[in-house]
Amino acid sequence: MDAKARNCLLQHREALEKDIKTSYIMDRMINDGVLTVSEEEKVKNEQRAALLIKMILKKDNYSYISFYNALIHEGYKDLAFYSLILVLFWISVKTVLCEGGVPQRPVVFVTRKELVNAIRQNLFKLNGEAGWVVIYGMAGCGKSVLAAEAVRDHFFLDGCFPGGVHWVSVGKQDKSGLLMKLQNLCTRLDQDESFSQRLPLNIEEAKDRLRILMLRKHPRSLLILDDIWDPWVLKAFDNQCQILLTTRDKSVTDSVMGPKYVVSVESGLGKEKGLEILSLFVSMKKADLPEQAHSIIKECKGSPLVVSLIGALLRDFPNRWDYYLRQLQNKQFKRIRKSSSYDYEALDEAMSISVEMLREDIKDYYTDLSILQKDVKVPTKVLCILWDMETEEVEDILQEFVNKSLLFCDRNGKSFSYYLHDLQVDFLIEKNRNQLQDLHKKIITQFQKHYQPHTLSPDQEDCMYWYNFLAYHMASANMHKELCALMFSLDWIKAKTELVGPAHLIHEFVEYRHILDEKGHHIFEFLSLNGHLLGRQPFPNIVQLGLCEPETSEVYQQAKLQAKQEVDHGVLYLEWINKKNIKNLSRLVVRPHTDAVYHACFSEDGQRIASCGVDKTLQVFKAETGEKLLEIKAHEDEVLCCAFSTDDRFIATCSVDKKVKIWNSMTGELVHIYDEHSEQVNCCHFTNNSHYLLLATASSDCFLKLWDLNQKECRNTMFGHTNSVNHCRFSPDDKLLASCSADGTLKLWDVKSANERKSINVKQFFLNSEEPQEDMEVIVKCCSWSADGARIMVAAKNKIFVSISILTMKLLIYFLADCRGHLSWVHCVMFSPDGSSFLTSSDDQTIRVRNTEIFILGIDVYYLRVAEFLGTNFLGISILKILELLNNRIFQSRIGHKKTVQHIQFTDDGKTLISSSDDSSIQVWNWQSEEYVFLQAHQETVKDFKLLKNSKLLSWSFDGTVKVWSIITGRIEKDFVCHRDTVLSCDISPDATKFSSTSADKTAKIWSFDLLSPLHELRGHKGCVRCSVFSVDSTLLATGDDNGEIRIWNVSNGELLHLCAPISIEEGAATHGGWVTDLCFSPDSKMLVSAGGYLKWWNVVTGESSQTFYTNGTCLKKIYVSPDFKTYVTVDNLGILYILQMLE
């Protein structure tokens, strides 16, 4: 029992023992279920009130509440103390429930104590731990009222949920609707915006945000989810909270973990309860109700909602008992839905009568509500726009509907929102079907009268409604021209994606693609390919993204027009001049995981994609739009592989945790767990025949196993590999199983007998290599069968794919595949069932879906770039060559470097070539006179060098020194000991009096060529300082580090002027997409461009970003800028060349 209740009883114990008559009190308490018959007998035998008080003190809060209610009911009114306590507690409860969005009691309320107590007792069983209490029953049975009533008690809330109660009306939702619900809940829970100042942009982020808010800001609170329809919706709230939910289907909780307690609600009221409701509506005693009341209750079939509707009518017209009874008995209304789990007829009839009895001047307003979607709460402001009225006028009309149970009201703070039950929506749609198009057209016309779409502000009460449903109303109104204008507007796309993310827009383009023309396809493609950028913070400039689209694209044309207008007002935009040469291979880019994606696969029908990775989850999403369908916390460690069964009913996953799991692919329910491998399980694959499903798994324990889904244990274990088994695939006819291993072999197994049929030593196909066979490591990574089962393709030795004939065991072909677009290792390539597209998954957390017809086979650009970067050493030659373009002559150095050549540069006259190498030397070669000078003094590899005037050269090294040389004599003229760690870069001031040095020791320094000690040591960077550059007037120095920070310093005094790219604390990642690798000032020193994960332009005066250009790849090493600062050239790690020009 609560301490306050106990103290209260003890304080007034003596007075109570003298005054109360135990027999009457105990009758009430027995009815409430808090006192047993045996306890009653014990008290009666001793005739002692003291014994009853003693018993109550040993019980819980429910006993105290029941005892107090019994006192009041039996006339102990003089105990004013208890009344005062009750009032105080009621005020406290009302405040908590109002803040949590719990609906108020209906105007007419009838208690159902047994159900309320059952709900509270089950909530009490949670005992502060995460779990679920489910109230389920048919529609209209009063589940929501019971859920609200269960928490309408001070002692109960104070003892079980001191953190408060938070109510969410869910209803039947799609992904975008659920996201909107989660966003609203997160906003309510974080009103002071102490955790984040922006809305979550997808369901996963919203789920994480909700988990943090409930754990940190609202611990020991109760989350109430009203009207849950689908299991996948419930999983969005599965985050270790205490949850009470109402539903029509108690199986919705099968998909979530934790203790579950169910309270079943009868679909109909008993006759006496029904009569009690009518009596309260008409303000009569139950015994005085006319005979027709009994018949009305019978015709209403006990539905609380129907009884309330009829009661509300009788309250206004108390003499119409016969009339309403005849309406219910004689009118034949068309059923809204014939197949349902509850009776629609009575409800339908009652609603018709209720609507008919509305005042004539407001009937049309109720008809207007036919355009509302189910379970969508509409702000008052939307209806003010629709009806062109003041807020007070609208609220008065809506209150009439609420009073007659035709509409529901939800209050959130000072604002109201209104919604229809889904049955009421269906009724209105059926009744007004012929008017629907005109009704939708009316709301669009009114919207256009008051707003321009892109001018909607997030702080407007009705903003979210228009962003989510404006396109729906236009499509329903058959206003195709207006819909296209809206959906093709770059302003609308920018405003909506910035507020709610791109997923809802992509869904709308799919939903209305039959209306949208080719322009719609352009924008859909733009959203699909840039969704991973549009979901990030800070929000990218959508006009700049649009300028990267093909010039024939609607997105580009709008972006170009808008950019030209904004350029006149000083906004910076870049045109990608050579983009025609680049073809985007991806059809869709999604980022479903929070870390590397190890595997992804299509469902057999090609409609879904499953993926898994480092974050231990299994994700399932639509192949066309990227809309997430399932998110399952699948394993306790990294999930290495996933696979759909041939009939698409199941998904298998395997993990580093050594387990194999089978999931229902639609609900996410766990079907089987297999735990027989002794090491991590690397691969899983189903047979191709759905009539007899087998699953094969390959593990680092050197074994393969076959599993029959109808059995609990492994069917067969296959021995033979001597190292980790990386991959396995069934042949098209399911007779053979191919396996690949780190032992360098491909093995074929007979599925029926589990015996080894053939073993192919893949290493033999690499015998032409110069590497000795005994030292050669050939890891066979994966394999795939041809459609006819005659050939098998394997990947081995880095990127070489080998096709082998099963009959002859001979090598047929090998080639390299180019899968551009990913920013890191690609772990998986999978074709769709019809072969029209394929997907790739990568460490960069993205999955890319590509069209097969534009897949390019050829030499990897990155591979060639490395060969060029490694220079002569990669080819086994240490000689430099010069090609004279005028006469095609080749000059070759006689003396070469001992190690890899890293940098080369001609002197201004072109007669001398200077090169540096990993052998710590610098070679100066006059290629015409064949004269050589070697600069040898650095103790470690030379990082780079720069030419100075008067035949001088500045070099810096891993040894922490910077040296000035004469390239004529080879002597050191200055030797600066600059840093304790590697010197990563140097820059020379334009006035040639100073130079800068940056280091892995996280500092930068400014030096004078005349002094051996630094002028200024620049501290503050938290990562390696990788680059630096002086402004043209030598007054400023910019430095960039590995955390994405850029700092601008005053050269004269070493003062920090601006911190341009602070770390994003919320995202935990550098704002520059990685290292800052290069910097360049504009001639007037007012602008700075930086290279890193992408390109950024900065206003030097303010330190703010002026523009960002996102490249396809990342790791931009250099940015080359024209003297007028209007043209920029860079290359990303995919080998894509970017020639950018400032738009004027």
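Each residue's number is its place along the chain shown, starting with 1.
Note that Cβ sites are derived from N, Cα and C of the backbone, with glycine treated the same way.
In TrEMBL, annotation is done automatically, which means it is predicted and not curated.
Annotation comment: TrEMBL describes 1-71 as domain 'CARD'. Per TrEMBL, repeat 'WD' is recorded for 590-631, 632-673, 674-717, 718-759, 819-849, 894-935, 935-975, 976-1010, 1018-1059.
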Counts by DSSP class (helix H/G/I, strand E/B, coil) across the repeat 'WD' (718-759): 0 helix, 23 strand, 19 coil
Mean of the pLDDT scores, which run from 0 to 100, over the repeat 'WD' (632-673): 94
DSSP-derived helix, strand and coil totals, residue by residue, for the repeat 'WD' (632-673): 0 helix, 23 strand, 19 coil
The repeat 'WD' (1018-1059): DSSP-derived helix, strand, coil residue counts: 0 helix, 22 strand, 20 coil
Tally of DSSP helical, extended and coil residues in the domain 'CARD' (1-71): 56 helix, 0 strand, 15 coil
